[in-house]
Amino acid sequence: MNVNSWLIQNASIVGRETADIAIENGVVTEVGTGLTAPEGARVLDATGLIALPGLVDLHTHLREPGREDAETVESGSRAAALGGYTAVCAMANTSPVADTAGVVEQVWRLGRDAGLVDVQPIGAVTVGLKGEHMAELGAMADSAANVRIFSDDGFCVADPKMMRRALEYVKAFDGVIAQHAEEPALTAGAQMHEGEFSSQLGLAGWPAVAEEAIIARDCLLTGHVGSRLHVCHVSTAGSVEILRWAKSKGWRVTAEVCPHHLLLTDERATTYDPVNKVNPPLRTDTDIEALRAGLAEGVIDVVATDHAPHSSEDKDCEWAAARPGMLGLQTALSIVVKTMVEPGLLDWDGVAERMSRRPARIAGLDGHGLDPAPGVPANLTLIDPAASWTVVPNELASLSRNTPYAQMTFPATVRATFLRGEATVLEGKAQK
Ligand SMILES: NC(=O)N[C@@H](CC(=O)O)C(=O)O
Ligand SMILES: [Zn+2]
Ligand SMILES: [Zn+2]
């Protein structure tokens, strides 16, 4: 038996026609009806399931090196595979920071050894994420990790001159600067969204303008320099308007929204449960509506998880002391189904576009984000759209437990995930 050869029968291909998918040695060889199994192949009955190109996450925090108690490359990879992902981009805010060829190669190797998803390291823009000196972007790009996205995520590249230089530098290899848009002078001490609830609770607010001012500035810089900007975790209605304007200029700007910003509001802070503390913070119903519309329209290109595991010592404390961030990899698809597919804002092709094809294109991940067709690497996920599930924190694959969705029931489950024909998930269970 060849572990990378399969006949997947009766799957709905990206929500369209029902067909069989034949996979030989990790590559799709045929898509059609009544196919015979390749030699040595295993057969999987996918009646009622939807086959999507494997999901690609542009924004994942694995905590290795440095905080292996919160997540390792392997545990995060497992959570990703269970969430339907075949590739994740690993943020640079590790310890040490991924600001050298050595560290990005280490993360890349750990991902390859875990073998559950392709782990594509993101490199830091500045040394130690400090915003003072540019990191060795070229050396990271030329390394075995082949870095194309650079980000100081967790922190904003606040100095406009540094941002301009970084945008200019990455043009040489068609790289992207992914910005955590937060004007630090406007968010000092901030604990949650600045609005009705922050006044009520007496917590320092994080105003929408702190995000919007940086996005507007960076769009202008990118337009001026002719480089590529990607905006991380867009969270406000005003940001969507600015992005629409920047795109109308033809500037090379892309943007992501996180599932939690499509579903949860700042009212969650009234629980004082730090599981709801995240950066940028949960916003308002008006923002949610604009983010959903922007994602449907394509002003926001992709859904990214910002999976941010934190140990209980960093989360089970009072609100002000807790680290911001929440788990995301295993719930992202279900939340997109709930917030976008069920209300009729996206169909399955739209989901494939925003969770697989576009993120793969932005990250330059060849072999990902491709619909099943002869000759394409078999990176696939099989979804049961009719099933539902309830989030039980202890059952998640992450080493951390900081999900805001405990005991919530969501539509759609991931039944199987294939990485180059190897089943990383079968019957909803991780295979290693
Ligand atoms: N989103 C968060 O609240 N936290 C992220 C950093 C970040 O994405 O800004 C983390 O690394 O924990
Ligand atoms: Zn961030
Ligand atoms: Zn992040």
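Using the three backbone atoms N, Cα and C, a Cβ is placed for every residue, glycine included.
The following features are taken from TrEMBL:
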- 50-237: domain 'Dihydroorotase catalytic' (DOMAIN)
- His59, His61, Asp153, Asp306: Zn(2+) 1 binding site (BINDING)
- His61, Leu62, Arg63, Asn93, Asn279, His310, Pro324, Gly325: substrate binding site (BINDING)
- Asp153, His180, His233: Zn(2+) 2 binding site (BINDING)
- Asp306: active site (ACT_SITE)
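Comparing the binding-site residues Asp153, Asp306 by how many other C-beta atoms lie within 10 angstroms of each C-beta, the top residue is Asp306. The binding-site residues shown are Asp153, His180, His233; of these, the one with its CA atom nearest the CA of His310 (substrate binding site) is Asp153. The record assigns His61, Leu62, Arg63, Asn93, Asn279, His310, Pro324, Gly325 to the substrate site; their largest pairwise CA distance measures 17 Å. Apart from His59, His61, Asp153, Asp306, the Zn(2+) 1 site neighbourhood in this chain, defined by C-beta within 8 angstroms of the site C-beta centre, holds Thr60, Met91, Gly154, Cys232, His233, Ala304, Thr305, His307, Ala308. Taking a Cβ cut-off of under 6 Å from any atom of ligand 2, the binding-site residues His59, Leu62, Asp153, His180, His310, Gly325 reduce to Asp153, His180. Looking just at the domain 'Dihydroorotase catalytic' (50-237), the mean pLDDT is 98. Note on proximity: among His59, His61, Asn93, the binding-site residues of the record, the Cα nearest His233 (Zn(2+) 2 binding site) is that of His59. Between the candidate binding-site residues, His59, His61, His180, the densest Cβ environment within 10 Å is the one around His59.
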